[in-house]
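Asks: Per Swiss-Prot, active site, phosphoserine intermediate is recorded for 108. Per Swiss-Prot, Mg(2+) binding site is recorded for 108, 247, 249, 251. Sequence annotations record features per position, and here Swiss-Prot assigns phosphoserine to 108.
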């Protein structure tokens, strides 16, 4: 049965519109609390479960945090409040503190007027689809407040930032440090505004922080991983060695070198896999997505590394990594998974892995990527009505068939609906940029007409 509320990355939407309203989020906290409290671990022990709630810097986070806290309390679940904290920080702390679950209030790279809720299980992984379905089923049942003596309590986790900073530093090889490096760190006015600069500074780098003045409304606004031009300018202006850009909840990464060249998740995956081959002698395989550039797939296969494409979404990359028993996977957008370091994508940890690869090899990013030239891709996002039936459109099918025929196996066409917003993503990959642009615009035009 299709889920009504949960998408590929939790529940997300515009604040004040369903489902991101205080009433719904209170019910969501209650429903999640009932599902968690009913789990065997807690039912058999007779103890009360505790969940950890973190958030990014959106002004709506205060309202939604209070609603979630009320819902969990009504279900008889205790709450710990971490305040602003990167999504991967909540995943780590949930596991380290042996809590029942972690909850993040964030809409990641979206504007401030959007927000969302995502859950992590006790082991720091995103909830399986079946557990999210159980929560949706519980949402249909009446809210019955626990008796007064069974209500959950709430308290602050005062040392959340320090714990997470130390965890991030622990993933960097003890044999190396960052002394002598000048880094620009762009925190997108988001959840990592405090912790990220400390991590790199404490490892020895000279840190120039930008995007570290959140006001509730400026998250991802012209800064961060989804707006890397600000980072490029700062790297050049400060003659920095490297620039690191995180998004609003710090689970994705973009990197800029001293020349102002931007490296996306596909390229960083290749660099990390090759570094692992150099240190371990062998990497069995890596996971990308349907959007991963074909040049990376070819280069990895030439290096003897198997490559598998997952559906778009880091949860699906994670599923494929587990299925194959592999460690490294990524999305082009900058979600990078290294399962021997963390259970989920972590922008700060991923940046440290990239820096370690540079230190180990004594090479620049450009040198580490030598011989890999990405195929030009053109991605066009077409907004449409949430219920638009684009799959049955003959016009869209004809446009796709025409493009695929013209590319004749020397490129790819991918059309997919976003899992987080009412957008159809049209991606064309070709041997030259002009063809990619031409066919992407042709298909996007057909989509606009068919879904108007």
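Counting begins at 1 with the first residue displayed.
Using N, Cα and C of the backbone, Cβ positions are placed for all residues, glycine too.
Values in this document were obtained by computation on a predicted structure and should not be read as measured data.
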Asks: For residue 108 (active site, phosphoserine intermediate), write down the residues of its own chain that are at least 6 apart in sequence and whose Cβ falls under 8 Å from its Cβ; none is a fine answer.
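Replies: Non-local contacts for residue 108 (active site, phosphoserine intermediate): 9, 87, 116, 247, 248, 249, 251, 252, 420.
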Asks: Show, in sequence order, which residues other than 108, 247, 249, 251 on the same chain lie with their Cβ within 8 Å of the centre of the Cβ atoms of the Mg(2+) site.
Replies: 56, 86, 87, 106, 109, 190, 191, 225, 246, 248, 250, 252, 347
Asks: Tell me the Cβ neighbour count for residue 249 (Mg(2+) binding site), meaning other Cβ atoms within 10 Å of its Cβ, over all protein chains shown.
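Replies: The answer is 34 other Cβ atoms.
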